[in-house]
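S.K.: Have a look at this one before I ask anything.
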Amino acid sequence: PPPLLVRQMESARRSERFRVERDVLDELKLEEVTQRKSYADIHSSLTLQHKDFHMRRLPVLYWLPKYSVWDYGMPDLISGISVGIMHLPQGMAYALLASLPPVFGLYSSLYPALVYFFFGTSRHVSIGTFTVLSIMVGSVTERLAPDVDFQKANGTNITAEVDVTARDSYRVQVAAATTVLGGLIQVLLGVVKFGFVGTYLSEPLVRAYTTAAAAHAVVAQLKYIFGVSPTRFSGPLSLVYTLKDVCSSLPNTHLPTLLVSVVTIVLLIAAKELNSFLSSKLPVPIPVELITIVAGTLISSYAHLNTNYTISVVGEIPSGLSSPSVPDVNLFGEVIGDAFALAIVGYAITISLGKTFALKHGYKVDSNQELVALGLSNTVGGFFQCFSVCSSMSRSLIQDTTGVKTQMAGVASSLIVLVIILKLGTLFQELPKAVLSAVVFVNLKGMFKQYYDIITLWRSSKIDLVVWLVTWVSTLLLNLDLGLAASVTFAVFTVIFRTQLPTYSVLGNIPGTELYVDIEMHREARGIPGVTIFRSSATVYFANADLYLEALKEKVCKNDIKDTSIDGTVIVEDEQGGTERENGTVFVIPTTPRTPDGRWEYLKGGDPDCTSLGWMSELQDGDTTTLGSSSEDTLSQDLERMSLGSLGKWTWDIHSIILDLSTANFIDTVAIKTMKNIFQDFSEIDVDVYMAGCQASVVEQLEHGDFFSEKITKRRLFASVHDAVLHCLNHRGRIRPVPPPNLMRKNVVFFL
């Protein structure tokens, strides 16, 4: 070709090559940009997930940056001061319940509240000492550190005097070890998302348990109220033995101590009633307990009650904070059961209060995070010689009524307690223990009112009433730890018992709707001709699978008879009388009526329970048999060998059965086998079986259990009962089976 054309062709090739290279470079750049953007998105997503994880584990990072001092500062400060004032009397009084020196109750009101500030999700609960947990800790400390182990020895003789310093020191170690172990259990349960464990403690169980715990608290405080020194027992029936010993010690009552107790109780009750009467007019409740403690301390100090009248007082309260120490891990093995009970009870009380306030004020409480927060509060507190804590109803209500907004109120209350420990603690050394016992006694009034639950539950639920009574009795007699275990076990058994005896029903359609309800409960419901819809009120599993099958047979039988008779009774009469057998079905036709009302009777061979035949039936060959007898004649043997195929009478009036499984949330292998048997047995008598309302998880379990096959396909599953009914009517319609030829000469007689 000409040179000019060659040059043009080379130029075109170079241009094409440059264009291709440019396109490749553009694609590479675009891919690089896309990859960088993808990396950025992944990094951003991971950052957000990381941030979300930290906010969920440390909720203070979420709400503290948004905290408004102008909007929330004053309400939180007022609530914190009000609750901090309550911590003083309650902390010291509940320390006596735990059989510990009062100052450790103040420690328990300080450290756990600060920890909960960082990890808790509830804005209204007040973490600190609580009656029930204090009693449970006291049962552990007195069991492992009884007074008899610390009696002073004078040479070879052992005196009745107790080394209080050594005893209290060891009890503090026991309480700290129990608290740390209980806290670790709570943290572990929270990390593995076991926050639902509190749901196993139903409201009747918790209320009965706290009521019985209040009785333990009263008995524990009697020695301070009467000024006696009874022997403290532990283990089952310890409450009975302790109460018996207190009663035997009443002749030795210290009258000055009793007088202080009675006066304090009367004044407290009167002041609290006045407080309740004026609650609508007061912005903040009057701190009655604080006033009582201050007044008791002043009177005791100026009247020298300890010196002049030998009234027992609190004694030395060390100022300052104690240094942290590692608990004795050797005690873990002895207190693990008590620690687990403390962990569960404390969490149940805290989460119930937290969810109540969250529902009232429109925010959400994370149950698993609450378990972690409470566990960390107890674990950290145990290193500072605190005993087990949880939320308190009385203090939480004070926070709510004073308008608390955030967890910052817990910091304010902790600062009040800190000031008391550092500067004011020594001022209460002359406070009589009888005054603290009176404070505990009066604060239990709310728990004693829970005895009204017996009347309420009697009217509403007998089973819940039984749970309440069993919990109360077992907690009283078996002590708090064993009582809780027995109560939960019994409550679980009631659930199992109720699932074994569910309500079985045949459903009918409400005309003009797609609703299907129990025919026996709703008169307006109408049965579907040729279709039986069967439902159980509980899920089907190994414990009730056989009962499910028997109930299905009975309901199908009764429903079929009902559909083919005027009054529900079918009588098959032979002109000469006798017995007919067709396809394994036995028909017993007596020559003369045998029932008291003169009616003929009909026996369905596969299900003797579907008939009231209990009298002697006369057979053609002259032999006789009685239904339900131990006779080994041919008829009895045939009856025993009957399969479900013998359920049908010669005019079997149903062609489809629909199993409503909308109530089932799982299905096990035993129930799957039962379902297979139902499908196979009813197919023998040309009755189709369908399932309706199965949840996706149930269908998946059916697949894993090899339920589906060539004969039982997924076409037997329907999303709703109404869909299944429409399919049955379209598929089988209202066709009624034709009687066998050899039975055509029978007469069917109906009696009104």
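From the backbone N, Cα and C atoms, a Cβ is placed for every residue, glycine too.
Note that the structure is a prediction, hence the values are computed from the model and not measured.
As listed in TrEMBL for this protein:
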TRANSMEM  94-119  transmembrane segment
TRANSMEM  174-196  transmembrane segment
TRANSMEM  253-270  transmembrane segment
TRANSMEM  282-303  transmembrane segment
TRANSMEM  339-359  transmembrane segment
TRANSMEM  371-394  transmembrane segment
TRANSMEM  406-422  transmembrane segment
TRANSMEM  472-497  transmembrane segment
DOMAIN    521-728  domain 'STAS'
S.K.: Between the stretches 94-119, 253-270, 339-359, 371-394, which one has more Cβ pairs under 8 Å with the transmembrane segment (406-422) than any other?
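M.R.: Counting Cβ pairs under 8 Å, the winner is 94-119.
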S.K.: For the transmembrane segment (339-359), could you work out the same-chain residues 6 or more beyond its ends whose Cβ comes under 8 Å from its Cβ atoms?
M.R.: 121-125, 127, 130, 132-133, 136-137, 178-179, 181-183, 185-186, 189, 195, 197-198, 201, 203, 206, 209, 332, 365, 367, 370-371, 374-375, 378, 388-391, 393, 396, 400, 480-481, 484-485
S.K.: Residue list, the transmembrane segment (94-119) vs rest of chain: Cβ under 8 Å, 6 or more residues beyond ends.
M.R.: 57-60, 87-88, 126-131, 134-135, 137-138, 141-142, 168, 171-172, 175, 217, 220-221, 224, 314-315, 317-318, 321-322, 369, 372-374, 376-378, 380-381, 384-387, 389, 407-408, 410-411, 413-414, 417-418, 420-421, 425, 428, 433, 436-437, 440
S.K.: For the domain 'STAS' (521-728), report the average pLDDT of the model, please.
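M.R.: Its mean pLDDT is 67.
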